[in-house]
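Let me begin by presenting the structure, written as structure tokens, before commenting on it.
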Amino acid sequence: MLKSSWLLAISGGQDSLCLLKLMYDCVGGSLYVVNFDHRWRRTSTLMSLRVYYLARYLCLSWRYYRTAYDIRAEHQARQYRYANLIQLLSQNQWQGICTAHSLSDDMETYLDQWLSQRNPEGIWRLCHLSASQILLRPLIFFTRAQTSWFTMITYLPIWSDMSNYQTQYKRNRLRHQLLPYIKNLNRRFAPIFPRVLSPLVMADMKSWLCLPIWLQYQMATQWGWPPDEMKNLILRYNNKYELARHRTINRFSACDSCRSYHFNMVV
């Protein structure tokens, strides 16, 4: 991996610490740690302080965001995070945003969007960022069990986030109630579910064309398209590079990203 500056969204949990460890080993000190505190629990400030000490130990720059008002909905919290990350990215010369999304997260997102019967583009809510080459997800092919194993062999000081176990959040009910039940019925559910769901959602050409070029290329690779059609996708992807970046920044600029407490600290 080339040495460049990346924005790292670090919460202090299992996956994000794996991301911090891997990126630090690959890139070194040219990283910028960003932590968000949504105040969903009493110990959230202590967890942010723990991330600060990790950044200080690694001699990395660090920025902290704390919401000035209550955000209870998960989609609002997600919009808040990406609005601030996109704002940071547009103000500085960083290579892009790096998040700790794993394969388990993607599977939960697929299932959540499918059950909610939202439009096809909503199933890939992060792919418009990937299409503009400003979002990197190094852990996207690793499950939560694999990242747990990595934290154990590298002795990473993980913090158990209790908000991940609260059933008032829909995603937690999917993770701890629905998914274990389905996996108990079919142990091959985890590896085959994304492949089975994708063709069902992209049933017609209009739905397919709604997807970013980057995602079309990924799915076509998975389905084994002919080389000529793959080459055409690559050409379309290159032509829409600047357009995708422009649309990405505009999409999140409408979010209220200013009502927060934040400060910089370069150690």
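Cβ from N, Cα, C; glycine included.
TrEMBL: automatically predicted annotations, no manual curation.
Residues annotated as domain 'tRNA(Ile)-lysidine/2-thiocytidine synthase N-terminal' in TrEMBL: 6-177.
Cβ environment of Ser11 (ATP binding site): Asn35, Phe36, Met47, Val51, Ala100, Asp161 lie under 8 Å away, each six or more residues apart in the same chain. Sequence annotations record features per position, and here TrEMBL assigns ATP binding site to Ser11, Gly12, Gly13, Gln14, Asp15, Ser16.
Mapped onto three states, the DSSP output places Gln14 (ATP binding site) in helix. Listed in sequence order, the residues of the same chain lying 6 or more apart from Gly12 (ATP binding site) and placing their CB within less than 8 Å of its CB are Asn35, Met47, Ser48, Arg50, Val51, Leu54, Ile158, Trp159, Asp161.
Taken together, the residues of the domain 'tRNA(Ile)-lysidine/2-thiocytidine synthase N-terminal' (6-177) have an average pLDDT of 81.
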